[in-house]
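Feature annotations, reproduced from TrEMBL:
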DOMAIN    1-362  domain 'CAF1B/HIR1 beta-propeller'
REPEAT    66-98  repeat 'WD'
REPEAT    127-159  repeat 'WD'
REPEAT    170-201  repeat 'WD'
REGION    405-429  region 'Disordered'
COMPBIAS  407-418  compositional bias 'Polar residues'
REGION    560-581  region 'Disordered'
DOMAIN    725-923  domain 'Protein HIRA-like C-terminal'
Amino acid sequence: MKLLKPSWVNHNGKPIFSVDIHPDGTKFATGGQGEDSGKVVIWNMAPVLREEDEKNENIPKLLCQMDNHLACVNCVRWSNNGLYLASGGDDKLVMVWKRAAFIGPSTVFGSSSKLANVEQWRCVMILRNHTGDVMDVAWSPHDVWLASCSVDNTIAIWNARKFPEIVMTLKGHTGLVKGLTWDPVGKYIASQADDHSLKVWRTMDWQLETNITKPFSECGGTTHVLRLSWSPDGQYLVSAHAMNNSGPTAQIIERDGWKTNMDFVGHRKAVTVVKFNPKIFKKKQKNGSTPKPSCPYCCCAVGSKDRSLSVWLTSLKRPLVVIHDLFDKSIMDITWTLNGLGLLVCSMDGTVAFLDFSQDELGDPLNEEEKNAIHQNIYGKSLAITMGSQLSSTIIDNPEMLKYQQERQGNQNPNGAQASGPEHQTPKLTNVLNGESLEDIRKNLLKKQVETRTADGRRRITPLCIAQLDTGDFSPALFNSVPILPGSSASTQLTPQISSDSSTANSLVYMYVTSYFPALSQPMEPMKALDSRFTERSKATPGVTSVPLTIGITPLDRVKDSSSVKEPKVKDETSSDSEDKIMAKPLSMAKRKGEMEGAEVVEKRKKGRPRKDSFIRTHVMSVRIKDKTKEPSRLITPVAVLKLPTPSIQKSFSTQVSTDAIAYLEVENEVSVVSGARLSQLKWSRDGREWDTLLTSRITIATGSSDIVAVACEDRTLSVFTTCGRRLIPSIMLPAPLAALHCSGHFVMVLMASATLSVWDVQKQTALVKNESLNPILSGTDATVSQSFLTRQGVAVVSLSNGKTYCFNSSLETWNLIADKQDSLVQCADFRNCVSSQDALGSMGPLALTQGRNLSAGRLASRLSSTPHHLQQGMTLAFLEKQLASALILLSASEYRHWLLIYARFLVNEGYELRLRELCQDLLGPVHKSSSSSWEPTVLGLRKRDLLTEVLPVIGQNLRFQRLFTEYQDQLELLRLK
């Protein structure tokens with residue numbers, strides 16, 4: 001073993017809190033304190049490994065320095081593919097860095113020596129969620145997720161393929177969370193905190209698997225970090241800062257039953273960091289001796305506050321090496337080189353140390369085949385070919401579950417055919433189509449590849465969709481990969497496999513004939529779409545005519561000619577944490593037929609054609625009049641028939657469902673023909689889990705929520721499934737073709753071509769709205785429907801082109817006007833002085849969604865000097881009462897509370913004592929119980945007396961209402977004592 005302390009690796013005497021070696025071993029990153037900010041530095045590894053490179057002045061040591069963090073950096077971690085670097089600091093931020101294109105050396109800002117950055121690294125994403133210092137970050141296997149933990153007691157799980165989307169926030173710790181580690185199998189993530197606990201969370205549902213407290217109950221004091229680590233075989237988890245008989249230890253936790261019977265002992269002070277070697281080793285054979293079978297073992301490094309470092313082999317009872325007083329202060333972080341022979345350690349004293357081991361000391365590292373064989377033996381699957389998003393559901397740890405899976409496999413292989421792993425246990429719909437096996441179809445398709453020639457004589461081969469025959473191949477066809485092109489003749493002849501298990505791979509493998517398109521066979525980089533909520537679904541291929549797919553939610557009036565079609569940009573709705581989150585969609589998502597056929601056809605049809613996103617009013621005459629010039633008085637009174645446009649049927653389309661975790665729905669119509677029936681396929685996917693199903697009619701609209709998925713078909717049937725693919729109710733027969741479909745929670749809303757509306761609660765199987773006509777809100781106007789949506793409470797909302805928005809009240813069976821953008825009350829209301837700093841941005845919910853930015857116009861009403869004060873006062877009062885009533889009828893609890901407090905402040909400021917007393921009396925209710933009282937103690941789930949507790953401090957700010965305040969304060973106190 002060799003020990004080196006490169007003095008040139010430093011932060012100018014400031015502490016270094018984290019260090020991590022790049023996966024390719026050419027560089028390493030440090031994070032810590034800068035002069036007046038956080039500092040991340042990327043260093044060259046070559047001068048550390050070789051003395052001659054260290055002495056060579058032409059070889060740079062510092063590659064790049066980044067000072068973007070506003071406060072100290074606590075952790076730096078490279079992604080497993082080496083493309084990105086994540087850093088977390090005391091500024092509550094997680095920054096993701098990527099190397100930029102070379103633009104020449106740049107000077108390190110603020111450096112007196114004019115240091116030059118050899119490499120250019122830029123921050124491509126800033127992740128904001130934590131409310132306290134970020135202490136640790138960790139990339140999951142295959143870089144599917146990025147986890148960060150903070151002193152705010154939470155762990156944030158970020159979707160590394162769609163930054164800054166948050167998959168889940170794990171809450172459960174009652175102390176500062178200071179360490180994270182991913183299970184290399186991908187099934188768990190472990191965290192350790194100052195609350196004397198270590199928690200293991202499942203990645204399948206992000207719920208707590210186990211909470212371990214016994215080894216930490218004796219721990220006294222705290223450490224700056226608690227960096228725990230998982231062994232590369234996934235069998236052991238080693239914690240930091242545990243105690244055994246009042247002595248500091250690193251607790252060893254077994255995966256099997258989470259037993260805590262072993263630990264690493266010997267350090268004099270608390271253990272701060274544990275790091276397993278990424279390699280699995282076997283005992284080194286002596287030269288000339290015959291190879292003997294030996295048990296594989298792992299290597300682990302342990303750092304402590306006692307400034308010492310120990311390295312352990314799991315095959316030995318004592319440490320391999322212990323180095324005392326390696327630093328002047330506590331050890332903060334440890335990292336291994338990918339080959340397993342180099343170890344880099346950093347300390348709070350601002351220095352680093354490098355340990356170089358030999359194979360004679362550690363052993364022979366297993367190659368990838370041997371490592372995969374161990375994983376195959378333990379988990380029944382080689383992790384090398386398993387995609388990270390599928391790990392959580394494909395690995396079987398439970399022996400009983402494994403037994404049932406084996407029995408199922410035996411039932412599916414009656415002739416004794418052996419499958420190679422659990423991934424082959426998914427039942428298949430059919431392997432034969434029209435007497436021909438799928439394998440034969442695959443071969444024939446490859447023989448019948450379609451070739452075209454361009455004007456310059458170059459050959460172009462049309463991509464083909466090949467059905468997947470082996471679900472164990474784990475196709476990398478994720479959402480950010482290049483999809484199949486619709487319209488292929490082969491795509492309608494194949495019968496895909498239908499899976500009932502979300503752990504299986506996609507039922508269709510996106511494969512291309514890559515003879516002339518080698519680039520198309522490569523998946524896109526997982527972070528190509530950092531600034532977009534949707535990844536690219538289709539790309540134009542030279543020589544291949546493809547129909548562009550409509551993705552997301554795009555109003556039809558924004559779709560231009562096919563020559564200039566652009567991918568829609570959709571606002572990020574996941575940032576709102578309101579309980580009244582809305583799933584909003586326009587009336588239709590179908591593209592114009594003219595666009596499918598070409599821009600030239602569009603030009604021919606454009607003249608005189610009504611807008612597709614509007615209602616078509618057809619006047620039905622009971623008497624045919626030949627002479628059109630005659631007076632209208634001679635005609636029998638026409639009956640206006642409202643008709644909504646229905647979406648055109650597409651070969652395939654996809655849409656995104658905004659739930660707690662983003663889900664995707666993909667539809668492919670007429671995927672195959674079986675017994676004369678044309679089958680259409682619906683595929684649902686979220687967080688690596690997916691399912692698909694077949695329907696016997698072409699699908700026109702598909703949408704979903706966090707609880708259900710609804711699909712409307714050409715034959716006027718409506719099917720509803722759970723998010724696991726189970727059908728909830730038999731198909732609903734609709735009285736007319738469907739124009740719009742929305743889901744929210746367990747509610748389904750349909751808007752039919754006959755301009756009627758229905759809303760159902762499919763969980764309770766009750767109808768909230770039954771075939772209600774839109775005629776009351778459309779009659780007598782030239783307005784058209786511009787948007788419709790369904791709130792999370794099951795309230796249907798319809799917006800018109802004239803700026804008015806209505807909702808249907810199922811209790812009163814009436815349409816109610818809840819917003820009008822032309823309303824003078826909105827323009828003249830002035831309630832700026834009634835908005836506190838806490839709710840300055842307003843409450844998010846369905847009411848805010850319908851009013852949009854138009855609401856802020858009222859806050860500029862003070863400029864309307866021509867409006868008398870008493871008139872403006874009256875308009876503001878009317879506006880606020882209308883807002884309060886609208887939030888109530890929309891069942892939006894958060895918005896009701898928001899406007900109630902603003903309304904109370906306005907009443908207090910303007911001296912409306914009668915209204916204020918009436919409001920307080922309604923919130924207080926009767927002091928003595930009475931059977932005749934109709935007072936309800938809650939409104940929209942909010943306790944009225946709790947609301948009164950919030951209103952009373954507002955009243956107390958005005959001495960004029962001192963008597964009113966005292967009266968209700970005393971009554972409220974009296975009720976509490978009862």
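Glycine is treated like the rest: Cβ placed from N, Cα and C.
Same-chain residues lying 6 or more positions outside the repeat 'WD' (127-159) and placing a CB less than 8 Å from one of its CB atoms are 71, 74-81, 84, 86-90, 92-96, 165-171, 173-182, 184-186, 189, 191, 193, 195, 201, 203, 206, 225, 227, 383, 387-389, 391, 526, 662, 688. The helix, strand and coil residue counts that DSSP assigns across the repeat 'WD' (127-159) are 3 helix, 20 strand, 10 coil. Helix, strand and coil counts under DSSP for the repeat 'WD' (66-98) come to 0 helix, 19 strand, 14 coil. DSSP labels the residues of the repeat 'WD' (170-201) in these numbers: 0 helix, 19 strand, 13 coil.
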